[in-house]
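**Q** Feature list, courtesy of TrEMBL:
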- 29-54: transmembrane segment (TRANSMEM)
- 45-294: domain 'G-protein coupled receptors family 1 profile' (DOMAIN)
- 61-82: transmembrane segment (TRANSMEM)
- 102-124: transmembrane segment (TRANSMEM)
- 144-166: transmembrane segment (TRANSMEM)
- 211-230: transmembrane segment (TRANSMEM)
- 242-265: transmembrane segment (TRANSMEM)
- 277-296: transmembrane segment (TRANSMEM)
Amino acid sequence: MKIFSSPSNSSTITGFILLGFPCPREGQILLFVLFSIVYLLTLMGNTSIICAVYCDQKLHIPMYLLLANFSFLEIWYVTSTVPNMLANFLSDTKVISFSGCFLQFYFFFSLGSTECFFLAVMAFDRYLAICRPLHYPALMTGRLCNILVISCWILGFLWFPVPIIIISQVSFCGSRIIDHFLCDPGPLLALTCKKSPLIELVFSILSPLPLIIPFVFIMGSYTLVLAAVLKVPSASGKRKAFSTCGSHLAVVALFYGSVLVMYGSPTSEHEAGMQKIVTLFYSVLTPLLNPVIYSLRNKHMKIALKEILRKIKNWSTKKALGN
């Protein structure tokens, strides 16, 4: 990777500058506190889902095992951006090294792609449960569930090395200021010394695929689910069938609704402020809301979480009495 800088900053800047959310020092501190709370709540919520599935034997079925893996993924997904963003709030230089920038690029988009594949697998699980209920235990075995989980991680992390290696080899000019809170391909490509139609073509082809392919699969699965549910004669049966899909559909709508706005056309130009808001929504707020969505709409999960809280309370009481 070749770097060309203007004389005014060539001796002081050793990486890209993530502009983040420009505001006075007091505003930076306020944002630091706000996003620290959001980050901790996200970690607590998703960890609670994992613990609930692990501790309750009744939840050791594919639907909840996939949910636990999804929550584990969400923890790492939010961790790929928020800690660095928090550090930038307190930093005067807001510099991220070149290697750090491309590592964040890789992990953020690899984890995002993995999330898309997980959402598709979870839709497939709901399709089998509703459309093939008698064959579901034989079809969705623990072995198949493990294979699907491993495949999601492998596919997600094998998708982006090539485009990232390509962009890391180009020359960057100017101030190297990225008007974003993370290393995003749009602002990075804007800093290249010379526009490269080949690189933009590679991103235009490869970037949308891990979004679009799972999305088409999800829509196809739920089209079949809808057709099957409409054939159910009783209203209570239809409500029960829809209730098993409601949480997943809400998560899909939250994630894809914002992601497709940004990366459906990765080389298209968006206002910097809009880029930050949309990226913030699907990378920070969605992982925060997902545990709430799944716990509020699922009675089995609510029971498991209440049981965990009861055990923690009993443990705290016994420890207090022991002291």
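Including glycine, each Cβ sits where the backbone N, Cα and C put it.
Caution: TrEMBL annotation is automatic and unverified by curators.
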**Q** Are the transmembrane segment (144-166) and the transmembrane segment (29-54) close enough that 3 or more Cβ pairs fall under 8 Å, when only pairs 6 or more apart in sequence count?
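**A** Answer no, regions not in contact.
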**Q** Counting only residues 6+ away from its ends, which parts of the chain sit with a Cβ under 8 Å from the transmembrane segment (61-82)?
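**A** Same-chain contacts beyond the ends: 35, 38-39, 42-43, 46-47, 49-50, 53-54, 104, 107-108, 111-112, 114-115, 118-119, 121-122, 125-126, 129, 140, 142, 144-145, 148-149, 152, 181-182, 283-284, 287-288, 290-291, 294, 300-301.
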**Q** Would you kindly list the residues that approach the transmembrane segment (211-230) from elsewhere in its chain, counting only those six or more residues past its ends and only Cβ-Cβ distances under 8 Å?
**A** 113, 116-117, 119-120, 123-124, 126-127, 130-131, 238, 241-242, 245, 249, 252, 256, 259-260, 263-264
**Q** I'm checking region-level scores; what's the whole-number mean pLDDT for the domain 'G-protein coupled receptors family 1 profile' (45-294)?
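**A** Mean pLDDT for the domain 'G-protein coupled receptors family 1 profile' (45-294): 87.
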